[in-house]
Amino acid sequence: MDSRPTETLTVEELQQLDDDHDTRRHERAQWVLNSPDPPGVFHDLIGSVREVVLPHGHTTAKQTTSGRAISFLQGLFPIFSWGRNYRVSKFKNDLMAGLTLASLSIPQSIGYANLAKLDPQYGLYTSVIPPLIYALMGSSREIAIGPVAVVSMLLSSMIQKIEDPATDPAAYRNIVFTVTFFAGIFQAVFGLFRLGFLVDFLSHAAIVGFMGGAAIVIGLQQLKGLLGISHFTTKTDVVSVLESVFTSIDLPWCPLNFVLGCSFLIFLLIARFIGRRNKKLFWFPAIAPLISVILSTLIVFLTKADKHGVKIVKHIKGGLNPSSVHELQFKGPHVGQAAKFGLISAIVALTEAIAVGRSFASIKGYHLDGNKEMVAMGFMNIAGSMTSCYVATGSFSRTAVNFSAGCESVISNIVMAITVFLSLELFTRLLYYTPIAILASIILSALPGLINIHEAYYIWKVDKLDFLACIGAFFGVLFASVEIGLLVAVTISFAKILLNAIRPGIEELGRLPRTDTYCDINQYPMAIKTPGILIVRVNSAPLCFANANFIRERITRWVIEEEDKSKESTKGRIQVVILDLSNVTNVDTAGILALEELHKKLLSHETELAIANPRWQVIHKLKLAKFADRIGRGSIFITVGEAVAASISTKLTSLNNC
């Protein structure tokens, strides 16, 4: 027999032990009920702005006025913070990276300006002022700022619906600058008020589909330059573009454009292949576009191919960016549309820039603040709209080159901007004979990086609804328009969020054996249900008008089903429903009303309601609505485990009294 001594407790000692547990449990419940009031909406709003413009989100009371001013400037202009520690040894790497970046940026900027239906110099202007502003305000070390293919195509596809660049280029240009101004305003507001979640409605899956569709549309549009077609459709959908190409085949066209463009396109693709196979030769695909421009320009100049049908760039206006403040249009019939186009451009540009910046920041091991990036992008485009630039953002291909070239900071952007400016001052006349077909081949060579088939397949495997957003954006851009593609993607993404909000996951919990942890009984079949107690967890951030009735009806149905089962078996009925609100971050009046109705319904079934682990905003609103008093302050607990223990203790007490 086991001779080990055992401790025996008297009834009085057991009663005392239970009382101690009840006292401690009551004390912890008071922590929940007596928590301080959460900050208000305006406090959060002011705090959001402060976090963006100040390095640590606030200043201490001991700081002097000058100290606060310095903190403000360092928050708004990060270059004042890291610039103090910048060493000359880093400048060598930034200089080489900036020069390599400029060799790629100059031909691409000319090509993207052509894609945006603007004169070539406007692409070069966009590679001067915006990178300089970003260098002062941005926090990414690797991102390369300038015009990009998708935004250029987006602007031309939208704006030429209200103003034809061929018949009135000045009016078209004025709207482009106005759209750029609005895009900058929206971007800055998103950052200052921490509204980055609006950009997140364009999900990763939607961006993959959108980029893929846009790449194909951009590629098809380059057939105009590659074939030397004079009359081409202004629509962007694939059917209209192909129809325009096949219609133009019957018209006279010069095969020299096609031969010249395809020859250098093959050269550019080979250079790209070599650069990807051998990382040490990263510089080769970076300077290949510039080599193509120089060689093709020399060929046309020496052979006088422009006299034989080869289309050339002709005059490019040189010099520093002229002011375009007087060209911004805030009156007239197109202001509303310009604001709408600015919002669309702002979201697309931000999505691409932040995705590019964060991907390279993660490689280098530092954090990129998305809201500060939005502010930097916003002020950059506002300044750009006043200096003859159109919407600029971060380019993935140029950022990859900048990273591979060993850049240390945004100084590489400054070097690139100065180099482009010098080219505007000194070399624009040399580009007179640059063939249009070469610009088309440069754009075409950059498009494979926008089509990510592997990522689309990964999205299909992981989440079918995400893939629906991806494919919706792809076909929307391809067969309708850029705006329709974006609208389809955002609609599907929003519908997914709405579906999860309206029909949130509601789990029945059980205790895992030999633990105090309560988990979903479907996920963990070994979890033990407590007799007479139904524990329910709501997996929805807001308990609101969209889902409150669904949650109430689901819990009520569970209780009724359990009652029916108890009549057919020896199992007892449900006496307590414990609502675990640990995942609910907020509740509105409809949510509180649904809880009150649930409480009344449960009382009619002689069932009590208890709440476990309500969040700060939730318990605050429950107290304001007097709901905590209606169910009894003793029915609110800090954990599910304590709610269960209290319910069991109450049941035992009632049995003893009987």
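Just so you know, glycine gets a Cβ as well, placed from its N, Cα and C.
TrEMBL does not curate its annotations; it predicts them automatically.
Features reported for this protein in TrEMBL:
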- 133-155: transmembrane segment (TRANSMEM)
- 175-195: transmembrane segment (TRANSMEM)
- 201-220: transmembrane segment (TRANSMEM)
- 256-275: transmembrane segment (TRANSMEM)
- 281-302: transmembrane segment (TRANSMEM)
- 375-393: transmembrane segment (TRANSMEM)
- 405-424: transmembrane segment (TRANSMEM)
- 430-453: transmembrane segment (TRANSMEM)
- 465-494: transmembrane segment (TRANSMEM)
- 540-647: domain 'STAS' (DOMAIN)
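Under the criterion of 3 or more C-beta pairs below 8 Å, with sequence separation of 6 or more, the transmembrane segment (405-424) and the transmembrane segment (133-155) qualify as touching.
A mean pLDDT of 89 is what the model gives for the domain 'STAS' (540-647). Only pairs six or more apart in sequence are counted, and the transmembrane segment (281-302) with the transmembrane segment (430-453) gives three or more Cβ pairs under 8 Å, enough to call it a contact. Of the candidate ranges 133-155, 175-195, 256-275, 465-494, 175-195 contributes the most Cβ pairs within a distance under 8 Å of the transmembrane segment (375-393). Here the transmembrane segment (133-155) sits against the transmembrane segment (201-220); at least 3 CB pairs are under 8 Å, leaving out pairs fewer than 6 apart in sequence.
The DSSP breakdown of the domain 'STAS' (540-647) into helical (H, G, I), extended (E, B) and coil residues amounts to 62 helix, 16 strand, 30 coil.
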